[in-house]
Amino acid sequence: MEDPETKAVGDGRDATLQQFGYEQELTRSFGFIGMLGFSFSIVSCWSALGGVLVAGVTSGGPPVMIWGWVGICCVSLCVAYSMAEMCSEYPVAGGQYSWVYILSPRSIRRQFSYITGWFMIIGILAMGATNSFIGANFILGQAQLTHPSFTIERWHTVLVAYGFTLIATFINLWGSSVLDKLSKGFLIFNIIAFITTISTILACNQNKQPASFVFQDFQNFTGFSAPMAGIIGILQPAFGMCCYDAPAHMCEEIKDASKQAPRAIVMSVWIGCVTGFVFLVSVCFCIGDITLVAETPTLVPLIQIYHDSTNSNVGTCFLASFIVVINMGSANALLAEGARSLYAFARDEGLPFSHIIRKVEKKHQIPVVAIVLATVVQMAFNSIYFGTVTGFNTVIAIATEGFYLSYAMPLLVRLISYFHGSHKQLNGPWAMKPLVSIIVNAIGLTYLVFACITFNFPSVSPVTSENMNYTSAAVGAIMFIAAITWFTSASKKFSGPDIEDVIAIAGAVPSSDSDNVNTHEKKMDL
C-alpha cells in the first residue's frame, strides 16, 4: 500500500487521511485517466439519454430534449465546479456528507451531514439498480427484435438485471487490482462506441427529419398543458446528467486526489455535455414516427430508432450491444462507488452495524462487506419490479432525486458558510475566487432545488394510482429510516472528519460558535 507523505491542502497539495482523522486503508491505484474513465463510465451521458429516451419523446419531443440538454449542461457545470472546489479542499470518500459536516455551523452540522449521507447512498444504490434495469431492457429488446413472438415479462428483466449486478460484484471482489486499467478500457470503448453509433445512424438513415422537427416542433403526448409537458420533458436530460460525484467517493484510491479527483469530476461533465448534445441531435434527426417509437414492442425506443435507421436486425443489435457493454461498465463503477460510500458512512458510524460494514479485507484492501451489502440492496431494488411497475419507477425517480438532494446540501451549506463567516475562502487546487464561488454555487443550487421539485411531478394525465409519481413518498420513507437510525444509534456515535485538523490544514476562519470542536473528542463524549 502506498504511504502518502504528509501534505497540506491549503497550498494545493494532497492532505493525508490522517489529517482528517482517518486511516489509509484502501490502495491508491488510480491515476487521472483511470479515474476519468471510472467517472465517465457512470456519467456516460449519451448512453444514459438513450436509455430513457421515451420520457423526452412524449413530453415536448426533440426541441425540449435538445434545448433542455443545453440548459441542463450549463447549470450542471456550475454544480460540478462547486463540487470540484470542495473535493479539492476535502478529498475524502464521504464526499457530499463529509463536505456538509465540515462546512455547516455546529448547531446543524451532524444532522445535515447525516441526512445528506442517507440521500447520497440511496441515490447511488438506486442508480445502480436503474442502470442494471436499463442494461437488461437493451438485452431483452434485442431478443424481441430478432424473435418477434417473444414477449418480455417483468421477471425476465429482473433476472437479467441481477446478472449485471452479480458480474459487477465479481469484478469488484476479485478484480479490484485492475479497476484502473479496466476504467481506461471502458473510456476508450465508450468513445469508440459513440463515434461508431453516430456515424452509422446518420449514414444509414435515408428518411431524416427536417431541422424544424428537431429544433422547433413541440410534441405533447402527456395530457398536460404545453408548459407542464415541457417541465416534465426536462426530467429526461436531467437523468442523463448526474452521478458525476463518483471521483469524490474514490478519493482515497486515487493518487494526488486533491488535484485529480476534482479534475475528473469536471472533465467527465464536459465530455458528457458534448457527447450528449451530439447524440441527441443525431438521434432526433433519425426518429421516425414518434408514436411507433414510444410504443415499440422492444420496450426500448432507441432500439426502434436504430432499426428504423439501419433497416437491419444485425446492425441494430450491433449498436444496441454497445449500450449493453457500457452499462456493464457503469454497473461495475456504480457498485464500487456505492460500496465506498457505505464504507465511508460506516466509518463515521452513520449506519447500523457500522463496525461490520466498514471492515476492509487486508490482503486486497477492499471493503468486502460494503461491496456485498451494496449488491444486496441493488438486487432488492430490482426485485420491486417483480411486483409493481409503479414501485420500480419510483426507484428510478429516487435515483436521480437522491443524487440531486445530496448535491444540493453541500452547495447550500457552502453558501451558509460564506455568509456565516466560517469558510469565506476555500484554498484547494480547484478553489475559485470567493465571489465567483458564491455565484456558481447559487446558480447550481437554484437548479438543483428546481429539479428536486420537478422530479415529484406525475408524467401523464389523468393521474391514476398506476401512473402517479411516488417520489415524494420515497423521500419521506428515506427520511423516516434516517430518523429511526439517528435516534437509535447515530445520534450518539455519528461524526465526520476531524474539524480541528481540517481548519488548521485549510486555513479557514473558525466561526464563533462552532469550529473549534475536535471530532474524535466528540465521538468519545457522546
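Each Cβ is built from the backbone N, Cα and C atoms, and glycine gets one as well.
Note: TrEMBL annotation is automatic and uncurated.
The transmembrane segment feature in TrEMBL is assigned to 30-54, 66-84, 112-134, 154-174, 186-204, 224-244, 265-293, 313-335, 366-386, 392-413, 434-457, 469-487.
With a cut-off of 8 Å on Cβ pairs spaced 6 or more residues apart, the transmembrane segment (112-134) and the transmembrane segment (265-293) reach fewer than 3 such pairs and are scored as not touching. Here the transmembrane segment (313-335) has Cβ contacts under 8 Å with residues 38-39, 41-42, 44, 47, 50-51, 124, 127-128, 131-132, 134-135, 138-139, 141-142, 145-146, 164-165, 167-169, 171-172, 179, 182-183, 186, 189-190, 193, 196-197, 200-201, 204, 243, 246, 300, 302-303, 306-307, 371, 374-375, 378 of the same chain, all six or more residues outside its ends. When each of the listed stretches 66-84, 224-244, 265-293, 366-386, 434-457 is scored by C-beta pairs under 8 angstroms to the transmembrane segment (154-174), 366-386 comes out highest.
Here the transmembrane segment (224-244) has Cβ contacts under 8 Å with residues 39, 42-43, 45-46, 48-49, 52-53, 55-56, 59-61, 64-65, 68-69, 71-73, 76, 80, 83, 124, 127, 218, 265, 268-269, 272-273, 276, 280, 334, 400, 403-404, 451, 454-455, 457, 459-461 of the same chain, all six or more residues outside its ends. Between the transmembrane segment (265-293) and the stretches 66-84, 186-204, 366-386, 434-457, the greatest number of Cβ pairs separated by less than 8 Å involves 66-84. Long-range contacts of the transmembrane segment (366-386) within the same chain: residues 26, 125-126, 128-129, 132-133, 154-155, 157-158, 161-162, 165-166, 168-169, 172-173, 176, 335-336, 338-340, 342-343, 346, 356-360, 392, 395, each at least 6 residues beyond the stretch ends and with a Cβ under 8 Å from a Cβ of the stretch.
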